[in-house]
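Pulled from TrEMBL:
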ACT_SITE  His409  active site
ACT_SITE  Asp461  active site
ACT_SITE  Glu470  active site
DOMAIN    32-482  domain 'Glycoside hydrolase family 9'
SIGNAL    1-28  signal peptide
Amino acid sequence: MAATTNAPTFFFFILLLSSSFSFYTARANPNYRDALAKSLLFFQGQRSGRIPNGQQIAWRSNSGLYDGELAHVDLTGGYYDAGDNVKFNLPMAFTTTMLSWGALEYGARMGSELPNTRAAIRWATDYLLKCATATPGKLYVGVGDPNVDHKCWERPEDMDTVRTVYSVSAANPGSDVAGETAAALAAASLVFRRVDRKYSGLLLATAKKVFQFAVEHRGSYSDSLGSAVCPFYCSYSGYKDELVWGATWLLRATNDVRYFNLLKSLGGDDVPDIFSWDNKYAGAHVLLSRRALLNNDKNFDSYKQKAESFMCRILPNSPYSSTQYTQGGLMFKLPQSNLQYVTSITFLLTTYSKYMSAAKHTFNCGGVLVTPTSLKNLAKQQVDYILGVNPLKMSYMVGFGKNFPKRIHHRGSSLPSKASHPQAIGCDGGFQPFFYSYNPNPNILTGAVVGGPNQNDGFPDDRSDYSHSEPATYINAALVGPLAFFSGKTK
């Protein structure tokens, strides 16, 4: 949503925004290292399958142990995407790609959290490998009927809903979910290259095959699977962005010119003002611009220009900005789960800032000079807001700070654990007295970042208000990198 075309109002808005930012930043001193540790701990709370020894989110236990059985394959493992009990592979694969990118860019700043980051990635890639290799000619892309699941409020440990298995194939293509799966496996292969060469090799070989399938059998999984994925994780942007994204990651992992040639053959890309599990163009442009900035490779200059056009649409003082900000300084893109866009875009801000610093590069948005510090400061304001530097003084990360969401929209968190309530809670059993209760959730889902406040910086902390109170793996995954980036800084 464009700020406004009325010049005096626009500049007043920017002035107001700047004063808001400085007002809250003056009080900022979040513990980024603690937030990083907690953001990774959250993924343990989303685990599906057999819970391993050493699990720190102790109220979770085994679930989904028969996933895949309806298709006579083993599809146990992976993550529940948000507060439900479904495994959707499009957002799960994007989560994996972003965790991997974070490890690649910021691993040196993660310290003791780097092994935890790898563990979070591997929990997903072990599952994605099963999905890609269990049946020749098929890519499994989800487990659990979302329409049935969303009518229930039960712990994952008690699931008694049908665990329908969904797949794409040559006859029912899914270039979007296949392209993202290839990106995830390729990115993860780089994370494990120095620590587990055999596993890294398996990831990369599988990524190539899955991507080849995505390219050769083009089509959207939304068309193939319909109500099994729509409107939940419909591929609204189409599948071309995932082909660009997959080719970008395979080029990074292999340096094979065929992937660059494919990028060129795909033609011009959109230059959006958003980056998410659905729309990957901005992420691909930033990653490809790395070669232009760090390697001075002129073949990638067009991607650098697109990356900078994106930044000009995000920066509040840019004449080309199409990004709204709340009075408290939070980027506001869409009303439903807005923090997913904030964390993903913030990742691109810190990463492009990092590339610019290394290349001693600046650029202009109209007459406004943009330096690495410009991007870094905006990124810091967004991270700090999420961690409690905001008008409500509320941290939107569960368990971080003194004031955080207590009634998140999350089945496992809102229902008593198996240890405290061994009896099964059926499909309808969780609504009364738990879902509709005003009591805080009995289980703390440490590190979970919720959908966040509304455009007026308000947050009701209401379990039934899923667009603001539901956490999701892809919100957290994109925040891990920026948290690592700032945890390495002196405050």
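Every residue, even glycine, has its Cβ placed from backbone N, Cα and C.
Each of the active-site residues Asp461, Glu470 was scored by the other Cβ atoms within 10 Å of its Cβ; the lowest score goes to Asp461.
Using a 10 Å Cβ-Cβ cutoff, His409 (active site) registers 25 neighbours.
Residue pair Asp461 (active site) / His409 (active site) shows a Cα separation of 9 Å. Note: the Cα of Glu470 (active site) and the Cα of His409 (active site) are spaced 5 Å from each other.
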